[in-house]
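Peer 1: For reference, the structure I am asking about is given below.
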Amino acid sequence: MKLNQFARLTPDFKVQVAELKQIGLQADPDDAFSQSATDLFNAFFPEAYTLAAKEDKLAQVAVNMDQTLAAWLAKKPSKMTRRDFYNVALQLLGFEAFTDFDLNDPFKMMTATKLPSLDHDLTSTADLLKAVYLLLNTRTKHLVSYLDDLANRGFLKDFQKKQKKPTHLLFNGKVQQVFDARQAVREVVWIESDMDTDHDGQRDLLEATIYRPKATDQGLKVPVLFTANPYFHGTNDVTAVTHVPETTLAVKTHGASKAEVTANPEEPANLPHHPVNGEATQAEAYAEENSMYAFNDYFLARGFAVVYSAGVGTRYSDGFRTTGGPEETDGAVAVIEWLTGKRRAFTNRTDGITIKAWWSTGLVAMTGKSYLATLAMAAATTGVDGLKTIVADAGISSWYDYYRENGLVVAPGGFQGEDADVLAVDTFSRQKSGGDLINIKQAWEKHLATITHDQDRTTGAYNTWWDARNYRKNANKVKADVVLIHGLNDWNVKPTNAIKFWEAIADLPIQKKLVLHQGQHVYVHNVRSLDFLDMMNLWLTHELLGEANGAEDVLPNVVVQDNVAVQTWSAYQNFASPAAEHVTNTRNLKTDFEAATDQFTDHATATFNAQHDTSASFETAIITPNSAYANSRLWLTQPPLERDQTLEGIPHLELTLAIDAPTGILSVRLIDLGMAKRFGETAATVALNGLQLGFDYKTTDILEFKPTAKPTPSKLISLGHINLQNPKNAYEVQRITPGQPFHISLDLQPTHYHLPAGRQLALVIHGADMAQTIRPIKTTHYQIDLANSSITLPYRI
């Protein structure tokens, strides 16, 4: 086990003492050592209400092989050895003596686990207080810090009773859980937008669900975590509308210019406002939906309000879904504008009674994963005031990069046949309310048909519809600080979405952080080896509470999880830069790779059907050395590595080839070859319900990325797809003369990948990708000019 920690601060001793006192501990350096030790260790069992109960708890802790903590304290000690203190500390952190560590040498385990410690014996009360302060900021076996663990057991439950008025509590630069999340005020309002997406002549009203600390009713104003979540009110069965992958790849006869595919913002319609008949300070509707994001729940107990809005076309709101269109961005912005006092909302949909977010400080962070993170990124590119930061996990920065690639229809990994129209149906939760649907069904079906037409599955080309959903075009407007989190094995929302957005905001005068993990499309806030919750606590305390805690400097610019060394996260200055830390090597496919042939015929669709494969089984088979698809691919290998190497950046392919057809699909996979137990792409549960989100409150599982039980022969590092008629970009078209050579350039997905010595790099070049592209039934023959083809590989040195 490794408990990496990036968010721990080390303030000077005076600050440490003041903070210890602030949380209710006896922390006077002039007190006698024995009395201070007794007071402090007793305080660490808040679940024990009496001295007798605390004595029993102390007796359960071993100081060394000869004494319990109760017996040691009874002797009124005047000092404590470093070893004895950390024997006690480890047990307080949830580790077991004799099982997890040796009482004669706790430091062996602490070093392996990356736990901090003082380097000397405790010979004064000041030493004891320093050790206790560090202990409170040390991570437990249950992922959270020790102070968090104490608070989860009731240590801070009476904090507000001792205050003249409700307030936030900061410790080590981070806000603490001194609010009872169980008592949160739950309410619903309807925010008036500027849009009419369902074409009924009225401004769409957007439902927003609010959970705010009860202390706001006593005058406390709080910042807001806002999650734009299209799934919040449920999803629909999309089996009937999911596309069957087409069997014919269309020959493109004409392309377009950049000007022709550039979307121009539409002028907002001059719509009448909803009438206003009064103002209220109390909502009329209870929030019946439960908060569904553990990250937000964690901060609710720390004095942040949490707001969810599903947006246009969802249950209890007006409008139609547009799958990432400007209307969905505007819907998210409308919520922020209400939270900052710049837009009206109503207590219900009919009476015209307005309500303000009087409890809000007007400082907002947007959070969430996938579609939720996408809308956070979209809102940030508007430059809306009040949005201080986004914490965007696996977000889409351009919808073309989600459903298309280089002129091809390319489904997100795991969702073959999905497209923008399918997702629109999936999230159109208005249809769950029959009384609502009967009035809009015909208009919705007409609207949906427009999406199906405009997404253009026939050519897969980039057009104005996709351009309107490319948020990177407006990245220069971003004013909010940005945290991006992405899985390096996320083939659903592929890594290019994060890295291209990261590059687009690189020169902006904002703070920005990037976290890359080895998972697929998953969260990392409950991954034990990373102190992600503390990192974001430090970040949000700075961003939303204005605390000068140095978060922008303390937190690394880039944190990357290693794919070989378990539970290892490394800090870097940037991704794929600076130049002094990176090198690119261009390798010729003929002289630097071994290949049995330079040609293949793509029979993948026939093989797929004959093998009764699925998308998942195909993805395994296509990168397996001995495979049913061996004759439908080109397999190139490099010699085994003599030393460890780390790929970091965007692999780039230059390929000269000829095909026997006027169009074709080319897929490329970069492979780690060699039998090994590699990390699973989904973190395994290590403690069911082990992460507590607040005192007597919700829990979630603690996870960890682990090597698989059985070795595998290969693993996908990166991949890419291209329509061979689109060698330059996704809108200009090249005519292909069958049998005549031509050249293409192809970027693969960004990666950070540790290749151990002895492994081999392999390059798989094939045609249709059964898991992601369409599935043509016509076979195509590919002839690769290996001598005039190369791959450029970026390395961190």
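Using the three backbone atoms N, Cα and C, a Cβ is placed for every residue, glycine included.
As the structure is a computational prediction, the values presented were derived from the model and not from experiment.
According to Swiss-Prot, the feature active site, charge relay system maps to SER370, ASP490, HIS521, an assignment based on sequence analysis.
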Peer 1: So what sits near HIS521 (active site, charge relay system) in its own chain, CB-to-CB under 8 Å and at least six residues off in sequence?
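Peer 2: Once residues fewer than 6 apart are set aside, HIS521 (active site, charge relay system) is near LYS369, SER370, ALA394, GLY414, GLY487, ASP490, ASN492, VAL493.
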Peer 1: Including all protein chains shown, what's the count of other C-beta atoms within 10 A of the C-beta of ASP490 (active site, charge relay system)?
Peer 2: 23
Peer 1: Counting across all protein chains present, how many other Cβ atoms fall within 10 Å of the Cβ of SER370 (active site, charge relay system)?
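Peer 2: By my count, 22.
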Peer 1: Kindly assign HIS521 (active site, charge relay system) to one of the three DSSP-derived states: helix, strand or coil.
Peer 2: coil
